[in-house]
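Q: According to Swiss-Prot, the ADP binding site annotation covers GLY157, VAL158, SER159, ARG160, SER161, GLY162, LYS163, THR164.
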Amino acid sequence: MQINNQSRDVFYVSDGTAITCETLGHVVLGQFPFIPNEKTFPFVESQDKVADVVKEIETSYQRNGVKPLVFFSIVVPGVREMLLEAPAYSYDVLESIVQKVQDDIQMAPAPKLQRSRSVGKDSDTYFDRIAAIEYTLAHDDGITLKGLEQADIILLGVSRSGKTPTSLYMAMQFGLRVVNYPFIAEDVKMMRLLPEFEVHRHKLFGLTITPERLNEIRENRLSGSDYASEEQCKLELDTVEALFRREAIPYINTSSLSVEEISTRILERAGMKRRLFG
């Protein structure tokens, strides 16, 4: 992970899944104009595990000359103390909120490992989430168009417009079954809505992006290619947006939005409700 004026190393560390750390971290970092180089460490429940994390943090500091940012949620005192000794700017994502609730309700918290929650206790929620994730992964990037009747929403857009991360976030956080389908360069010559989507028009939602941002993203992946050229990016976007307008498919521009914001706006625009919370 290299440091420059537009990037910084960020670590998410938790004794649970780290989803809370990532979610809150993304919201906070979205307020700052730099690109986070992120790494996540879930289920850090022992001093041995946190020692490995500390080594990574130390390596980042030594390599870049600046302290990385660490968003964490750790219950075990010994593990927490070891993490706080690392050369980083560390932020407990729950501490200030828990303290405020404690002050307001005059009740001491009883911290416990996030992992200790029983699957059986929330089995319906757990299996709904797993089913949504499995469905979404199976329908990522146009892998298959079978089973569209089970989809909650179908995301359309050019390659690298944010469909995959948005799909997975909606599955993981909201328990929604999401299909995402990419329009590729060959589609531009005869852009049309696939017959498979006709009966599911009410589920269609488009993602678009500015040509400049798309060019930047594609250059990082395939620098100097026709695929990444400004001309190709603009051509694809103009063609796809024309399709969205012609077919009355709602869409949003993802250029300056976080995955969390994209997902929430889709729910709002599509009039959908979350199946799960958190």
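Using N, Cα and C of the backbone, Cβ positions are placed for all residues, glycine too.
Keep in mind that what you see is a predicted model, and the values were worked out from it rather than measured.
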Q: Can you check which residue among the binding-site residues SER159, SER161, THR164 has the largest number of Cβ atoms within 10 Å of its own?
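A: Per the Cβ count within 10 Å, the most buried is SER161.
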Q: If H, G and I count as helix, E and B as strand, and all else as coil, what does DSSP give for SER161 (ADP binding site)?
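A: Coil, per DSSP.
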Q: When you measure from the Cβ of VAL158 (ADP binding site), which residues in the chain that are at least 6 apart have a Cβ under 8 Å away?
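A: The answer is PRO182, PHE183, ILE184, THR208, ILE209, LEU214, CYS233, GLU236, LEU237, VAL240.
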Q: Given the binding-site residues ARG160, LYS163, which one is most crowded in terms of C-beta atoms within 10 angstroms?
A: LYS163
Q: For the recorded ADP site formed by GLY157, VAL158, SER159, ARG160, SER161, GLY162, LYS163, THR164, which further same-chain residues have Cβ atoms within 8 Å of the site's Cβ center?
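A: After dropping the recorded site residues, what remains is ASN180, PRO182, LEU207, ILE209.
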Q: Check each residue in the chain of GLY157 (ADP binding site) that is at least six apart in sequence and keep those whose C-beta is under 8 Å from its C-beta; list them in sequence order.
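A: In sequence order, the residues whose Cβ lies under 8 Å from that of GLY157 (ADP binding site) (at least 6 apart) are LYS163, ASN180, PRO182, PHE183, GLY206, LEU207, THR208, ILE209, VAL240, TYR251.
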